[in-house]
Amino acid sequence: MEDKMGSECEGPEMSLVCLTDFQAHAREHLSKSTRDFIEGGADDSVTRDDNIAAFKRIRLRPRYLRDVSEVDTRTTIQGEEISAPICIAPTGFHCLVWPDGEMSTARAAQAAGICYITSTFASCSLEDIVIAAPEGLRWFQLYVHPDLQLNKQLIQRVESLGFKALVITLDAPVCGNRRHDIRNQLRRNLTLTDLQSPKKGNSIPYFQMTPISTSLCWNDLSWFQSITRLPIILKGILTKEDAELAVKHNVQGIIVSNHGGRQLDEVLASIDALTEVVAAVKGKIEVYLDGGVRTGNDVLKALALGARCIFLGRPILWGLAYKGEHGVKEVLNILTNEFHTSMALTGCRSVAEINRNLIQFSRL
């Protein structure tokens, strides 16, 4: 351990010691349009920024004189063990920042022993992603297309490829007003590999496939449940009313999310919405969170408020831009080590010991 730590502290590569260091590196090395695509929020980016700021309004209440010589970060999601409650959120077009794109992301997730949610808007084929990391825990995120047959084919395909859950994004019946992408006309330069018409076999431009169902309703969930055995997770819920409806419609999980502040601006920060969603489901289904997680303390706070695990979006792309698979591994490793430290310094020896008593909301 001492030798390993000594070698890691040497050389320019170890100048990146926290997630925001990777952000700074990405800002320096990515093109303006790619940087804007990753970093951009909707409208004035109020929610994007508040996702991070909201975590800083929460203070920790550590407990001491506990034996923390052994701290176990492991937990489970949908019955599958993960090495830490830190997983990878669905983000699109990883090839924008690294040639191997989602294949590198999948390999890093497999090596870390955590879950990777693959996006409908992946720039690598689902088959290539599975070949790259055959033993990895994968969920699939679906943007529901108006063509039901296309949805059905895609769901059956991911099920046959060994994906373990279907994550349906709810908060994008129309695309948010992302000013940077509009100015850069980025969509004209993007193509999709997997979201294609059943009658076509080639990749198609993203801007031709942006139609996402605007008519999707709660009652439509029964159709998805009828065509797949995969657990269904709903991504994008921010209110107790929708959380209660999720339980009523027998889904298996909720990701509390505001799409990284990229859809409707001026909604609640994810961590601020988490409390009411957790209270509404009454422990009947698992609740997860994405948006604004940048430190191990943030992970601890999310779990203290009832999240089963968190999902990382932008920081994964920063890691990918830095050094591909190895950069993603570094991001995951840094955050996991920070979380381990946060657990030890608050007196938590296992994830099960993290609870609401560890935090309080600051008046600042």
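In case you wondered, yes, glycine gets a Cβ from its N, Cα and C as well.
Look at TrEMBL and you will find His259 tagged as active site, proton acceptor.
In sequence order, Ala89, Lys235, Ile255, Val256, Ser257, Gly260, Ser270, Ile310, Phe311, Leu312, Gly313 are the residues of the chain that are 6 or more apart from Asp290 (FMN binding site) and have a CB within less than 8 Å of its CB. TrEMBL lists 90-92, Ser119, Gln141, Thr169, Lys235, Ser257, 290-294, 313-314 with the feature FMN binding site.
The glyoxylate binding site annotation in TrEMBL covers Tyr143, Arg178, His259, Arg262. Just so you know, the Cβ of Arg178 (glyoxylate binding site) picks up 22 other Cβ atoms within 10 Å once every protein chain is counted.
Annotation comment: TrEMBL describes 11-364 as domain 'FMN hydroxy acid dehydrogenase'.
The glyoxylate site is set by Tyr143, Arg178, His259, Arg262; from the centre of their CB atoms, other residues of the chain with a CB within 8 Å are Ala42, Asp171, Ala172, Cys175, Gly176, Gly260, Gln263. Under a cutoff of 8 A between CB atoms, and with a sequence separation of 6+ in the same chain, the neighbours of Gly92 (FMN binding site) are Ser119, Thr120, Phe121, Ala122, Ser123.
Taking a C-beta cut-off of under 8 Å and a sequence gap of six or more, Pro90 (FMN binding site) has these contacts in its own chain: Ile117, Thr118, Ser119, Thr120, Gln141, Val167, Thr169, Lys235, Gly313.
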